[in-house]
């Protein structure tokens, strides 16, 4: 079992996200995020583990095979497209995602990359906005953290 963790930090938003993968199976993503406005928020793995300029320096969505942005269940999607997480009235998200395109080992490993939560909902590439096919038009990056190996 490979395990990883990302501590999310933003101006008002914070959280801890855990990743685990057994063998070649899917990766399970769990944890919680607080300080969000109620509703949907885009949630993605970004290509770079660089936070020197805050969340802006984490680069685009992790996309090792050059696809367009989409929903987690779409065949045509960035590997890092994890869809939306939902914050309750208290601004808290409890994350529980299982995904097969974000491995913790191998050539497309997400270790050392960043996980980012966005201000707005991800339209899953279906919104018709000029940014729909690249970012899901999910708005600003309100918190991010670098995915690191865990013992």
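Note: Cβ is positioned from N, Cα and C throughout, glycine not excepted.
Bear in mind that the values here come from a model prediction, so they are computed numbers and not experimental data.
Residues 44, 46, 61 are given by Swiss-Prot as Cu cation binders; from 118, 129, that same site also lists 118. Considering only the recorded positions 46, 55, 118, 144, no residue lies within 10 A of residue 69 (Zn(2+) binding site) on a C-alpha to C-alpha basis.
Proximity to residue 44 (Cu cation binding site), judged by a C-alpha distance within 10 Å, picks out 78, 81 from the recorded positions 55, 78, 81.
The Cβ of residue 61 (Cu cation binding site) lies under 8 Å from the Cβ of 44, 45, 46, 47, 69, 78, 80, 81, 134, 135, each of these being in the same chain and 6 or more residues away along the sequence. Summarising the environment of residue 78 (Zn(2+) binding site), the number of other Cβ atoms within 10 Å of its Cβ, over all protein chains shown, is 27. For the recorded Zn(2+) site, residues 61, 69, 78, 81 set the reference point as the centre of their Cβ atoms, and the other residues of that chain within 8 Å of it by Cβ are 44, 60, 62, 63, 67, 68, 70, 77, 79, 80, 125, 134, 135, 136.
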